[in-house]
């Protein structure tokens with residue numbers, strides 16, 4: 001039995017709220033149960049030095065957690081003077097996931113920054129960030145089209161992500177913090193709307209997992225991501 005009484009293949013309640021802030025070209029509050037992440041997309045008319053003069057854009061991401069997004073307060077990374085390895089890993093994952101579905105050549109020399117700030121954490125913050133950031137990116141692209149900054153959408157596909165794992169011997173979908181902290185296996189899966197895998201990150205935390213368990217986790221992830229892709233479409237009115 002899962003602590004939340006969910007079935008093994010059951011997502012937490014997912015909510016995607018668009019236009020959550022007024023300044024960013026795209027902004028979304030995404031909720032996976034008690035995990036809440038604010039995702040904003042900001043358009044900037046310049047690119048990193050390595051892309052200057054190539055008439056190509058860039059999409060990148062930053063990730064952070066508010067000091068009291070968890071059970072006990074933690075210092076801001078800015079106050080500590082450096083980002084943790086975990087933060088760097090997560091924001092690179094978010095950036096890779098979004099770049100997998102955007103044609104950077106259609107952006108011109110512009111950068112879209114995705115900022116994902118965890119307001120409240122209860123497991124699955126990186127996968128919630130990817131799922132919400134895509135919707136914010138979609139809205140930023142809509143802003144660019146409406147303001148004649150670009151002539152056609154650079155988005156090639158949708159992208160969403162979910163966690164899966166083995167908890168008390170059973171493969172389960174969308175782990176919350178209690179499950180994540182006690183699971184035998186933890187895996188994050190990122191997929192596109194057309195069914196392609198962008199990334200699979202899986203680690204045995206306790207007992208090594210067998211091929212059958214891995215196959216079942218991937219089946220659960222695919223099913224969960226299909227639901228998330230539909231949630232994204234509903235939020236975007238597509």
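Quick reminder: no glycine exception, Cβ is built from N, Cα and C everywhere.
The region 'Disordered' annotation in Swiss-Prot covers 64-86. Marked as phosphate binding site by Swiss-Prot on the basis of sequence analysis: 86, 124, 125, 126.
Tertiary proximity for the region 'Disordered' (64-86) is limited to same-chain residues at least six positions away from its ends with a CB under 8 Å from its CB atoms, namely 115-121, 125. Cβ proximity to the phosphate site centre (mean Cβ of 86, 124, 125, 126, cutoff 8 Å) flags the following additional same-chain residues: 63, 90, 118, 121, 123, 127, 128, 129, 188. Minimal Cβ crowding within 10 Å, among the binding-site residues 86, 126, is found at 86. Same-chain residues at least 6 positions away in sequence with a Cβ under 8 Å from that of residue 124 (phosphate binding site) are, in sequence order, 32, 35, 162, 163, 174, 175, 176, 180. There are 24 other CB atoms within 10 A of the CB of residue 125 (phosphate binding site), with all protein chains counted.
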